[in-house]
Amino acid sequence: MLPQSIQPPMVTAKIIFCSQAHTTRTYIKKMAAFHSPSSASARVVLLLLINFLVAAFADNFYQNCDTVWGDGRAQIHDGGNLLTLSLDKTSGSGFQSKNEYLFGKIDMQLKLVPGNSAGTVTAYYLSSKGETWDEIDFEFLGNVSGQPYILHTNVFCQGKGNREQQFYLWFDPTADFHNYSILWNPQRILFYVDGIPIREFKNLEFLGVPFPNKQKMRLYSTLWNADDWATRGGLVKADWSQAPFKASYRNFNADACVWSSGSSYCRPNKNAWFWEELDFAKKGQMRWVQDNYMVYNYCTDTKRFPEGLPTECAFANIL
């Protein structure tokens, strides 16, 4: 998303301000726990399978996306199979999908800015337009070398966000491409990383909780300078001697209902995602991620919401 629609700096500062030594020890411990011989081999096989399936149905960037920002810093390569965004002290860059969607499953493989990425944000999100816009966010907050990225997620409904959940990742997102998916259907929004669900936002309109189900949204992705807030609440600035910073994209796939001439058209196979929900195994995977890698959850931040947590926080896990 664009810089002005980012969460309040005071919230980010609350999340990020911690001992760097403690962060490093915690991250290393979690990485070691994840890469036990049995679990590591199983997840490598799963990742290879996901990569194969996504590549088999991937869309071409020339055919399906437009580079819209950055004066040549967003570039398409390899006959349309690879797209790169770059950021320097003058400007960042971005692209958007040609189509708009009303519900769908969006897949993209990303390889994030390597090395000292402090102050940078790589954003990958769906958004509508207007003052009461809807938005579904993946944002990757850069860090100094040796420190983990933070994956920031948020859901905006009718122009209101404040539904942040943040995670460490259980792998190095700069070493190779990994698949990040947004599933958006009338019942729920699911965030996936390499096929593993990390977050669910349910449609609880019957409880008065807004849900994005009326506005068409377009896919956007940007790489930009946010060193006033992104890394340790803005204490760590971008090191421009490392520029240009670069993020890479491949295997974009939108299995979605495309908006055209005032209505949406869905592919015949839409049932694969249109009614998707988490089964017992997938709920277990999501719980594993949230127990081990979640670093901030708005639904537990009683200081931020002194008059009571948002309604969905009380019901999301029991409905």
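Each residue, glycine too, has its Cβ placed from N, Cα and C.
Copied over from TrEMBL:
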{"type": "ACT_SITE", "residues": "Glu135", "note": "active site, nucleophile"}
{"type": "ACT_SITE", "residues": "Glu139", "note": "active site, proton donor"}
{"type": "DOMAIN", "residues": "2-249", "note": "domain 'GH16'"}
{"type": "CARBOHYD", "residues": "Asn143", "note": "N-linked glycosylation site"}
Glu139 (active site, proton donor): tally of other CB atoms within 10 A of its CB: 22
Least surrounded among the recorded positions, given as Glu135, Asn143, when other CB atoms within 10 Å are counted: Glu135
Rounded Cα-Cα span from Asn143 (N-linked glycosylation site) to the residue listed as 'active site, nucleophile', Å: 25
